[in-house]
Structure formats: structure tokens, C-alpha cells
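Novice: One structure, pasted below without further comment.
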């Protein structure tokens, strides 16, 4: 049976309310086999018992204008063989017909279903006759405290009375005004679109405090169910979930019991996911056996803020990624002097909160807590949301990607940013007994904030970060990250290591350099006309040992440093400590003689339009270095299968075919 068929079967069970009676806050659903199983939450008024024989035909009664004798027979079965005009007779004061009085006064369940079914024979004109208030008989059920809800359900579910959208709105308003919360719940199960009208009705109608609280609860729960449903089960399940909540059966156990009773297929995965998210509590991370004890220890240190202490500006989106969306927000705290202060923060809300996804979110939280403030933004804590939770971190001005794009970058700023970046990586690799690898270093994941004294640069998004341990070997071998920045050794099934982060850092340096030299930000390997898709462009470039072209006028020491960070052979790359030392040396060299580093627009234009001998020699030198290394190291025998271009003529011909020539 498909998910759709499953939904239809279960929805039918949810909607076919066999016996409904009113309690103070919920609607109870019972299947009644006989009179003994009927359980009422409120005591029934005493019924007048007649000693004379029961009168079964209302045609034999002489009715008074105000139906004064209806109370004498309203608890018994009705004979519908009398003249139909009789049922249209109206009370002179209220204008109520027989059916109005029936809906208002009926107190016995005996033969109730058959009596309501027999009303169909009276015809639409009779059934939908209106009183002096222009109300059909359905409105009279509001005054029936004993069986009003039951009669309303029978009239609607048996299609005895049909009400259009305007009629539903009027009935909903009347139910709210009368405080008939039970009927409001039922009407929502009939037409879930009425939910959207509750707030508007509350604004224009005078309602009791109890009713207002009920409307607020209904709206908040519906928003929660919609938010979960759209992400987990889809729109088709939202109505089913909410109906179960309204009927008071919103628990996994009750649905499973229904499945067993009706011998339905096993519960769909969508509903399993839904219940996990709906019933999720912040402390549930201790139940996730997939989380290692060392992570649990870090997570337990994180502060949990109530939602009232945090405001989230949903319209002010700071960033979006595959693992979540970051919003601007404000955290209210009390300072040492007892004054309330507002702290600008960023709030990351994970995309999904299923069990499998939560494990990854908690791992990210644990690493964030472990390196808190050392090489990443400060972690304030978490806030429990309507659905799941949000991660509260220090707010920065922008990402490095946006900073490069919107600012002029010279070599002074290049060295300032590059040094801060590589020092951050060094701190990340050394801040724990087991090294921590970021695994997704790129300009988008660097945050920049300008203070009075300095430019602060930190790493963000630790969703892929992992410790260097034996238990993480399988994870460190997986192909993860952003294509252009992924180190080439991952294609060769080599474990992610410290120097893998260095490769991604080197590619980020190239993007900085492009802005310094060309005045605009370009993606790495943009010179090569291989493919419009970044992934394929990167793969082809790496397989053929190409590197981004660096202007030849720059000092050789600087070019060698950049090339070393992006070396195809990871063992030939410098580690983070060596990168810091070499950058400091290069910065000193730059400050001593800036004329060597001046951007020569004429040379740049020539190199962008033609393949100069220096560029060809540069590529030849790099490829021959790889060739020599491969021949001397059996460990990299897999590289020998790759086609290499070693002669200068072959390199020139190859580069000419893929370089993007610009006039």
C-alpha cells in the first residue's frame, strides 16, 4: 500500500468520529458498540419519564406556537411520516423550525443517527430553513450542552446540512463567541483552512480569556506542525497530523494502535521522523547513542536560553548553506551591575532535525564548544525553538567572500588577511590533543569584523569538522567540501590530514590574489576553458597537474609559496606552522622593497591575452617536479596512470587549447 493509500485509510479513521462528547479542553473519540460503553464527561440533565405510553409520532401531537411540549418527546424516536409542512412551521418569537428545536433540545442518543439520517427526506428547503437571526439549525447545536457536538458532527458528516465557506466562517465566529472550544476543534478537522481565520476573528471579536488562550495554542501548534511537516513528511501529511492533535490522539502510540486495529501497513518513515521532531526536547541528545561520550561532555556545557530571551530577525538572513540558515538576532543578558543589555548575535537554525541529522548538528556543536573563541566566533549557547533549536554565535560584519568582493585589496591587506587566516588554521590544528580538521575552508566560511583596533578574521561553519582519531578514519576518507577547494588526495582515497586544509587555504589565497592583481574576484582555475561546471573544471585541472596561473612579475619566492600550498602531492605542502613562518618572511620582503610587488597593468594585460614563455616555463617546471616525485615514490604509484605533459611543446599546445584568451 502506498503512502497516499495509507494516509487515506488513516485519515478516514481520524475523521469518522463515532462518538464525540465534550470535555473542558479536548474532544474525546470513542467507538460505541452499545449503550453501556457510552461515557460522558458531564452529567446529563434528568429526563422526565412518562407513565403513559411513548408517543412515537409527532403528527399526533397538537403543537403549541412556542413548541412548549417538545421537551416531553424530544428524547424519543421521531416519526417522519407526517406532513413536511409541519416541519417548516416556525415559532412566532424566534422563528425556529422543528429542526432548530431538535438540534437545541435533543438529549438522548437512542436512534439519534437514524433520526438525523431521516432528516434528508425532508428536503433541502426544510432542512436549511432559517430563523429570525438568519441562522440555519446547525447554529442551534451551540445551545445543546449535552449532544450539541454529536449532532453537529452527524449533520455534517452525513451531508444532511451543507454550509459554504461564508457559513463556516459565521459558525466559527459563533462558536468562539459562545466559548464552544470543542466545536471549534471539530470545525477545524472538517476544514483545516479555518485555522488561518482564527487570528483575524480574535482581532475583531470580543472573546473570553480562556478562548483567546485556546486560539493562541491552536495557532502555535499548527505553525509547528506545518514547519515540521513541510520539511519531513510533506503537505499531504500536515492535515492528518493536525487532526490527530485536535482530537487529542496526537501520540505515536495511538497511531500505532490504530494501525494494528485496522491492519494497516507499517508506519511510514515520514511519520517516524515527524514524531521524533515534534516530541524533541533539548536534553534528548543524551539518548542519541551515535554521539561519542567526548562529544556529550562538551555539549552538556552549552547554555540553553529560553525563547523569550532571544529575538530572531527572520527577515534578516545573514547566510544560507546546506546545513542551515543564519539569521540576525539579539540576545538579552544581565551584566555584572544587574542591567539588561542587548547583544547583537547570529543564530544558525539547522535545516533538519531528524535523528540522523541531529547527530551531525550535535557534533558541530561539540567542536564549536571545544574551540570556543580560539579560532571561531564565540558560542553563547542554544535557544529552544518551536521546532528544534538555534545555535547562538557572535555576529560578524560579513564573510571573507563578501569582504573581498566589496573592498579594494592591496598587498598590505593581502598579508594582513593571509597571516590571520593561517594563524587561525594553526590554532585549530593545535587546540586539542587530537588535531581538528575543518574540511571546508573557503572564503564563504571565513568571517570578518572590523573593530577600532584591528580586523578580526575567524573560521565558521564547523559542520564538516572532525578530530584526527582512529574512530574517525572512515569519515576523514569521505569526499567532503566544496569542489574547487577540495584537496586532490581525496580523489585518491587518502585520509584527510592537516595538509589537506592547507590546500584549501592556498586556493583561498589565490582568490585574494586575483582581487589584488586583476581588481576583481575570480574563482580558481577561471583561466582554463574546460567546463562551466566548477566541479568538472577542478577535476580536469587536478588530473593534469594544472595550477592557477600567477602573474610572472611577482617575486619567485611568493609564487613558490602559493604553488607549494596547492601542491598535487600533499606531503610536499608546508604545514600550518611553516606557512606562518614563510608568510612573515614574505611580508618582511614586501615591506623592504614594495617596487617589486607593484602591479604592472601592461604585463597583466599581456599575460591575460597571450601565453608568455614565462607562464609556459612555470607550468613545465611544476609538472616536472610532480613527475620526478612520482618516479621516486612508490607510494604514489596511482599517479603514474595519469597522463602527464612533460615536453615544452606539448605543454604549450595543451595550454593553448584550454586557456581562455581575452582580447
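Glycine too: its Cβ is placed from the backbone N, Cα and C atoms.
According to Swiss-Prot, the feature domain 'Protein kinase' maps to 312-586. Marked as ATP binding site by Swiss-Prot on the basis of sequence analysis: 318, 319, 320, 321, 322, 323, 324, 325, 326, 348. Feature annotation from Swiss-Prot assigns active site, proton acceptor to 440.
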Novice: I'm trying to understand the geometry here, so how far is the Cα atom of residue 318 (ATP binding site) from the Cα atom of residue 440 (active site, proton acceptor), in Å to the nearest whole number?
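Specialist: Roughly 19 Å, rounded to the nearest whole number.
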Novice: When you measure from the Cβ of residue 320 (ATP binding site), how many other Cβ atoms are you left with inside 10 Å?
Specialist: 11
Novice: Can you check what DSSP calls residue 324 (ATP binding site), collapsed to helix, strand or coil?
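Specialist: In the DSSP reduction, residue 324 (ATP binding site) maps to strand.
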Novice: Looking only at C-alpha atoms, tell me how far residue 324 (ATP binding site) is from the residue listed as 'active site, proton acceptor', rounded to the nearest Å.
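Specialist: Just about 15 Å between their Cα atoms.
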Novice: I need the CA-to-CA distance for residue 320 (ATP binding site) versus residue 440 (active site, proton acceptor), whole Å please.
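Specialist: Each residue's Cα considered, residue 320 (ATP binding site) and residue 440 (active site, proton acceptor) end up 15 Å apart.
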Novice: Tally every other Cβ atom lying within 10 Å of the Cβ atom of residue 318 (ATP binding site).
Specialist: 18
Novice: Across the whole of the domain 'Protein kinase' (312-586), what does the mean pLDDT come to? Round it, please.
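Specialist: On average, pLDDT over the domain 'Protein kinase' (312-586) sits at 78.
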Novice: Can you tell me how many other Cβ atoms are located within 10 Å of the Cβ belonging to residue 440 (active site, proton acceptor)?
Specialist: 23
Novice: Give the three-state DSSP assignment (helix, strand or coil) for the residue listed as 'active site, proton acceptor'.
Specialist: coil
Novice: Give the helix, strand or coil assignment DSSP yields for residue 318 (ATP binding site).
Specialist: strand
Novice: Between residue 326 (ATP binding site) and residue 440 (active site, proton acceptor), what C-alpha distance do you get in Å?
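Specialist: Rounded to a whole number, the Cα-Cα distance is 17 Å.
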Novice: Just counting, how many other CB atoms are there within 10 A of the CB of residue 324 (ATP binding site)?
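Specialist: So the number of other Cβ atoms within 10 Å of residue 324 (ATP binding site) is 22.
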